[in-house]
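*Asks:* Would you mind keeping the following structure in view while I ask a few things?
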Amino acid sequence: MRTAWVAKRQGQTNVSQMHYARKGVITEEMDYVAKRENLPVELIKDEVARGRMIIPANINHTNLEPMAIGIASKCKVNANIGASPNSSNIDEEVEKLLLSVKYGADTVMDLSTGGGDLDVIRTAIINASPVPIGTVPIYQALESVHGSIENLTPDDFLHIIEKHAQQGVDYMTIHAGLLIEYLPLVKSRITGIVSRGGGIIAKWMLHHHKQNPLYTHFDEIIEIFKKYDVSFSLGDSLRPGCTHDASDDAQLSELKTLGQLTRRAWEHDVQVMVEGPGHVPIDQIEFNVKKQMEECSEAPFYVLGPLVTDIAPGYDHITSAIGAAIAGWHGTAMLCYVTPKEHLGLPNAEDVRNGLIAYKIAAHAADIARHRPGARDRDDELSKARYNFDWNRQFELSLDPERAKEYHDETLPADIYKTAEFCSMCGPKFCPMQTKVDAEMLEELEVFLAKDKEMVSQR
């Protein structure tokens with residue numbers, strides 16, 4: 001779809017959506033996003049120019065259907081997929097991608113760490129994906145030196161980052177905010193550093209006693225991103241891994257640096273979103289969102305959960321969806337899904353489905369709470385169908401139509417029950433929605449009540 005659009009930008013040194021927006025140019029991607037979001041295209045342009053919205057759209061990902069991440073747009077959901085050294089292959093990863101898109105993922109991150117040729121896996125995912133693809137290039141950098149962290153050089157990082165950009169990756173997690181002076185701040189934590197990328201950088205700095213190479217070479221990464229319109233997803237290496245560690249000095253020190261890096265990227269018209277926690281008690285979620293907006297000049301916030309309690313392994317799609325809905329309500333732009341397998345193992349197809357649906361619920365609830373235009377229309381349509389016992393319409397409007405129909409049909413599978421004015425919960429005699437009160441009956445009641453009130457007042 002975008003082949004002709006990007007062809008017109010050949011030969012330009014900066015092809016980012018922010019660069020065009022700041023020049024007053026409305027790109028085809030901005031126009032497409034405006035229609036998808038039902039927002040004025042001028043608003044899209046202004047939000048991108050300001051940095052409060054990003055349109056992750058690498059010029060080499062031409063089959064992409066452009067979308068927006070920002071406080072003015074609908075709350076988005078990301079799904080993680082990826083092969084590991086112990087499982088998965090190309091076909092399985094493409095299947096996970098298509099499953100993620102089917103159940104509503106707005107973006108997908110390929111977090112592959114093994115399981116075959118990572119370049120081949122990534123290229124297959126990008127070629128099959130209509131949604132933006134994100135990666136964490138440090139994983140492949142580590143794989144390129146066979147897991148020997150101390151052997152990594154800044155050039156290794158830059159080489160892998162450019163390769164991902166050339167292949168069409170739309171946004172990359174760059175762990176540039178973890179500075180060597182922040183490492184002692186994790187001593188009082190229960191779970192230390194829980195970011196895989198952050199852990200790699202921390203070990204590198206501890207071995208070499210040198211500053212984070214992604215920080216010292218940040219300007220070189222900016223130059224790569226300008227050429228391909230790759231968006232930064234600034235990684236929160238010091239995100240809390242349990243509720244005890246939330247909002248501590250380590251997390252907030254890194255957040256301040258992420259804000260500085262955000263503005264540095266903006267000086268070169270490169271798009272940025274900022275990643276956030278993690279594990280956060282309910283009473284600290286609003287603070288975390290507002291603090292990010294303050295420190296990062298309202299760049300879009302992209303959070304993992306957050307989980308609001310640590311005691312429910314096997315159910316962390318629920319513990320985190322609670323936090324995600326609250327974070328979205330307070331202004332978080334994108335939610336990274338968590339599956340029931342979080343902390344336990346690699347998710348399968350059913351885990352991906354359950355995680356995504358939980359997060360689509362959270363994002364939609366946030367849109368309703370923020371009074372986004374049209375956010376509740378689907379709810380109202382489904383409620384009307386429910387009241388009218390239009391079962392097929394209810395299934396159609398559900399976030400997961402297959403699951404809704406499956407549960408209904410467990411007890412009432414025959415087609416005749418698709419027009420029945422009851423379900424198996426109440427049966428045919430006790431459903432309160434059978435009590436249809438029409439306008440004429442209400443008018444008669446109002447007349448009666450008015451007369452009754454008049455008689456009482458005359459006594």
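Backbone N, Cα and C define each Cβ position, glycine as well.
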*Asks:* Among Asn63, Asn80, Asn86, Asn89, which residue shares the substrate site with Met109, Tyr139, His175, Ser195, Arg196, Gly197, Asp236, Ser237, Leu238, Arg239, Glu275, Tyr302 according to Swiss-Prot?
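*Replies:* Matched candidate out of Asn63, Asn80, Asn86, Asn89, per Swiss-Prot for substrate with Met109, Tyr139, His175, Ser195, Arg196, Gly197, Asp236, Ser237, Leu238, Arg239, Glu275, Tyr302: Asn80.
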*Asks:* Just how spread out is the substrate site if you go by the largest Cα to Cα distance in Å among Asn80, Met109, Tyr139, His175, Ser195, Arg196, Gly197, Asp236, Ser237, Leu238, Arg239, Glu275, Tyr302?
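*Replies:* That value is 20 Å for the farthest Cα pair.
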*Asks:* Counting only residues 6+ away in sequence within the same chain, which have a CB under 8 Å from the CB of Cys423 ([4Fe-4S] cluster binding site)?
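*Replies:* Correct list: His408, Thr411, Leu412, Cys431.
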*Asks:* Compare the Cα of Cys426 ([4Fe-4S] cluster binding site) against each of the binding-site residues Tyr139, Arg239, His343 and report the nearest.
*Replies:* His343
*Asks:* Under 8 Å between C-beta atoms and at least six apart in sequence, can you list the same-chain neighbours of Gly197 (substrate binding site), or say none if there are none?
*Replies:* Val136, Ile138, Tyr139, Thr173, His175, Gly235, Ser237
*Asks:* Could you tell me the C-alpha distance between Ser195 (substrate binding site) and His279 (Zn(2+) binding site) in angstrom, no decimals?
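*Replies:* Distance (Cα to Cα, whole Å): 12 Å.
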